[in-house]
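Enquirer: Could you have a look at this structure, given as structure tokens, before my questions?
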Ligand SMILES: O=C(O)CCC(=O)C1=CC=C[C@@H](O)[C@@H]1C(=O)O
Ligand SMILES: [Mg+2]
């Protein structure tokens with residue numbers, strides 16, 4: 001594998017409906033598409049899922065752009081690796097910056113799979129050709145709008161519904177949803193909106209058979225989640241707290257959670273996600289693939305991740321049309337009776353609509369072996 005150029009495309013896509021969480025609301029999504037090109041002109045694509053502002057983790061679009069341009073891309077072009085598994089070693093002197101690393105690593109894995117003429121999901125050991133998927137609904141201003149969205153998503157066959165909660169929009173919301181949808185597979189994502197002072201308040205949720213409560217406490221916490229999990233019967237799922245397999249080992253040892261949401265961007269890419277998967281299969285901790293409001297490129301990688309045997313819970317891998325008027329890939333991701341079929345073409349199995357990417361591009365950078 002001889003990578004000769006890396007291109008970064010910073011694009012902005014308009015969300016068809018605002019996405020609101022306990023941190024705030026988004027109406028559009030800036031993201032970085034990462035393209036690696038080999039000596040024969042074959043491209044691999046990845047996505048750096050950092051948001052424009054540092055509300056989810058400390059990474060941002062412009063911060064990741066800088067780390068990619070100044071450190072990650074030059075080291076990749078200089079070393080010329082033969083397998084994407086070599087990347088963590090290559091970048092060990094570059095601390096953290098998980099989403100920047102993941103975007104470039106994903107592109108290298110896509111290129112490598114294309115050169116092996118294999119679908120990426122088969123290359124990484126995926127066990128299924130189609131995956132069950134769920135959908136996340138942002139905070140809504142009225143209960144009627146929850147009903148409107150949930151009725152629509154149930155009609156589309158989504159296998160589970162995730163709603164956001166925060167203080168003041170939690171117990172009564174979940175009670176109303178459970179009342180209207182007694183059998184619906186339902187989960188709540190708190191995005192760190194609570195503290196241990198809220199234990200008694202959160203325990204009220206135990207009566208509503210939620211599948212899980214995602215990340216109720218601080219984004220960098222594992223210890224307090226253990227105290228909360230021991231006080232609640234509802235499974236806790238960790239998202240922001242899990243940056244690497246070592247965090248999983250500690251969370252499992254302390255009993256901080258019963259489920260883990262894996263996001264390729266949050267854990268630094270495929271290599272660490274595969275380590276987390278291996279550990280969770282060994283420890284029997286169920287996994288699902290989280291979403292980051294990705295374009296079709298990040299979504300295609302997430303689909304491959306969700307084919308692994310340990311991903312037993314439907315993830316946030318909704319159809320392209322749930323987010324965008326038009327996606328940047330062909331074919332777009334579609335959901336049929338709550339399932340997404342994996343394309344059987346080499347790599348991520350989708351074509352990137354480069355003309356449309358150009359139309360959405362805010363700025364672009366090309367770095368070659370001659371740069
Ligand atoms: O991409 C999706 O469909 C779901 C997105 C989603 O729920 C999230 C994206 C990013 C941060 C959070 O708000 C939340 C999450 O924590 O999973
Ligand atoms: Mg989450």
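Heads up, the Cβ atoms here are built off N, Cα and C, so glycines get one too.
According to TrEMBL, the protein has these features:
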ACT_SITE  164  active site, proton donor
ACT_SITE  263  active site, proton acceptor
BINDING   189, 214, 239  Mg(2+) binding site
DOMAIN    143-235  domain 'Mandelate racemase/muconate lactonizing enzyme C-terminal'
Enquirer: To the nearest whole angstrom, state the Cα distance for the pair residue 214 (Mg(2+) binding site) and residue 263 (active site, proton acceptor).
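Expert: That separation, Cα to Cα, works out to 13 Å.
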Enquirer: Report the recorded positions (164, 189, 239, 263) that meet this criterion: Cβ distance to the nearest atom of ligand 1 under 6 Å. Use sequence order and write none if nothing qualifies.
Expert: 189, 239
Enquirer: So which of the recorded positions 164, 189, 214, 239, 263 sit close to ligand 2, that is, with a CB under 6 Å from an atom of it?
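Expert: With ligand 2 as the reference and 6 Å as the Cβ limit, the list reads 189, 214, 239.
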Enquirer: Distance check, please: Cα of residue 239 (Mg(2+) binding site) against Cα of residue 263 (active site, proton acceptor), rounded to an integer number of angstrom.
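Expert: On Cα coordinates alone, these residues lie 8 Å apart.
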Enquirer: Hey, for the Mg(2+) site built from 189, 214, 239, who else sits with CB inside 8 A of the CB center?
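Expert: The answer, listed by sequence position, is 162, 187, 190, 191, 213, 215, 237, 238, 240, 261, 290.
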Enquirer: When you measure from the Cβ of residue 239 (Mg(2+) binding site), how many other Cβ atoms are you left with inside 10 Å?
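Expert: Here the count is 21.
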Enquirer: Pop the Cα-Cα gap between residue 164 (active site, proton donor) and residue 263 (active site, proton acceptor) into the table, whole Å please.
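Expert: Per the Cα atoms, residue 263 (active site, proton acceptor) and residue 164 (active site, proton donor) stand 18 Å apart.
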Enquirer: Average pLDDT across the domain 'Mandelate racemase/muconate lactonizing enzyme C-terminal' (143-235)?
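Expert: That region's mean pLDDT is 97.
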Enquirer: Mind tallying the domain 'Mandelate racemase/muconate lactonizing enzyme C-terminal' (143-235) by DSSP state, helix then strand then coil?
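Expert: Helix (H, G, I), strand (E, B), coil: 45 helix, 12 strand, 36 coil.
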Enquirer: Round to the nearest Å and give the CA-to-CA distance linking residue 189 (Mg(2+) binding site) with residue 164 (active site, proton donor).
Expert: 5
Enquirer: Within a 10 Å radius of its Cβ, which of these binding-site residues (189, 214) has the fewest neighbouring Cβ atoms?
Expert: 189
